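Below: one structure, written as structure tokens.
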Amino acid sequence: MATVAATTKVPEIRDVTRIERIGAHSHIRGLGLDDALEPRQASQGMVGQLAARRAAGVVLEMIREGKIAGRAVLIAGQPGTGKTAIAMGMAQALGPDTPFTAIAGSEIFSLEMSKTEALTQAFRRSIGVRIKEETEIIEGEVVEIQIDRPATGTGSKVGKLTLKTTEMETIYDLGTKMIESLTKDKVQAGDVITIDKATGKISKLGRSFTRARDYDAMGSQTKFVQCPDGELQKRKEVVHTVSLHEIDVINSRTQGFLALFSGDTGEIKSEVREQINAKVAEWREEGKAEIIPGVLFIDEVHMLDIESFSFLNRALESDMAPVLIMATNRGITRIRGTSYQSPHGIPIDLLDRLLIVSTSPYSEKDTKQILRIRCEEEDVEMSEDAYTVLTRIGLETSLRYAIQLITAASLVCRKRKGTEVQVDDIKRVYSLFLDESRSTQYMKEYQDAFLFNELKGETMDTS
């Protein structure tokens, strides 16, 4: 009798590729400085602007040492000279532990809250509080879990949990909630777990090495750890880092913590903030908390009006003020809300408090290097001649325009089944998409055909 072997079809497993969005400054990893705060010509995505990066490195070092809280720095320069890039480099160099808040000057204007409230919230987002607390935990390897269910099917479950370390073994009685937590986390014999005595939270650390041969096959997420040594009950110091704004929101209303996720914070009363400041100061004196002055970055700062600048003057003198970094591309222009002109559109009394860092236009060599970095970031292969043409376009028009042509040229190259962007691809997208100067020239030629044209033979100011 012939037997037919059943064949099982194994489904094909495909690797899921994580896609990350490519932003204008996603290639920046830091300021590109060495240990002596000397900038390298091209490092960590930063190119050129050596003097500005050196100055930013000095500011960065003072922020790390906590010696510059309440100071303000202005990065001033022409459009497309890397002002925002320097600020983003500082944020990357500071790391995740130091709060960094970035806003645009026009973000503070809202119908829902006042300008000063928006600035206050931005300031308090940029100040972190590192709170230390000691908790008692039980850490050990699960030897056995016994759960007794009532014979009638009704009533509460009871059980026993046996935990061990290399030196001791103990049996714990379990209540209904702990049994539910163990079942939910799928805890079984051989798992190494920790139980927070205050909250009852159970955390799985992994499987014990002694149980490595229990199963023939295990998933890639299975982690093996050593069996804990010493006592089962231990005291552990836990550090929480939150911003002052998060504490404000939680204490401002009954369901304040929900507002953190919805973003509907509204205006917060000054009395609430004063109470929180007093409590944080008390924790600081007792050694329970530590203040971390962070960084608030305001881009396009010339968009603020005279009332906002007046508020900044006062806020910088506060004992809980972050480092304020501002960027502007304006020269001598009118202060918003007044008829007076001032350098960068900022009042003189605030300019007097600022450390001003200037940026200069990129050279041809730097422009070419930046375009190479952007091509690597966007996975675009380009010929040397195409780099030269694109660099010339960047120098004659703007660096931003040249960077935007990279993706468009790559798409044109793929459509013709090419693997490397050539000069013809650059020329084609250059003819399809106008830059600012060619667009202005086009409008001047056909000004009578446009609706509501106000030029009337006058020279158009495009500065």
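Glycine too: its Cβ is placed from the backbone N, Cα and C atoms.
Copied over from Swiss-Prot, here are the features:
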- Gly77, Gln78, Pro79, Gly80, Thr81, Gly82, Lys83, Thr84: ATP binding site (BINDING)
- Lys9: SUMO2 cross-link (CROSSLNK)
- Lys444: SUMO2 cross-link (CROSSLNK)
- Lys456: SUMO2 cross-link (CROSSLNK)
- Ala2: N-acetylalanine (MOD_RES)
- Ser437: phosphoserine (MOD_RES)
Pick out which of the recorded positions Gln78, Thr81, Thr84, Ser437 has the most other Cβ atoms within 10 Å of its own Cβ. Thr81
Relative to the Cβ of Lys83 (ATP binding site), which residues of the same chain, six or more apart in sequence, are found under 8 Å away? Ile75, Ala76, Gly77, Asp299, Ala327, Thr328, Asn329, Thr359
Could you check the binding-site residues Gly77, Pro79, Gly80, Gly82 and say which one's CB has the most other CB atoms within 10 Å? Gly82
Using the Cβ center of Gly77, Gln78, Pro79, Gly80, Thr81, Gly82, Lys83, Thr84 as the ATP site position, which other residues in that chain lie within 8 Å, going by their Cβ? Asn329, Thr359
Provide, as an integer number of angstrom, the distance between the C-alpha atoms of Gly80 (ATP binding site) and Lys444 (SUMO2 cross-link). 25
Please give me the CB contact count at 10 A for Lys444 (SUMO2 cross-link), counting all chains in the structure. 12
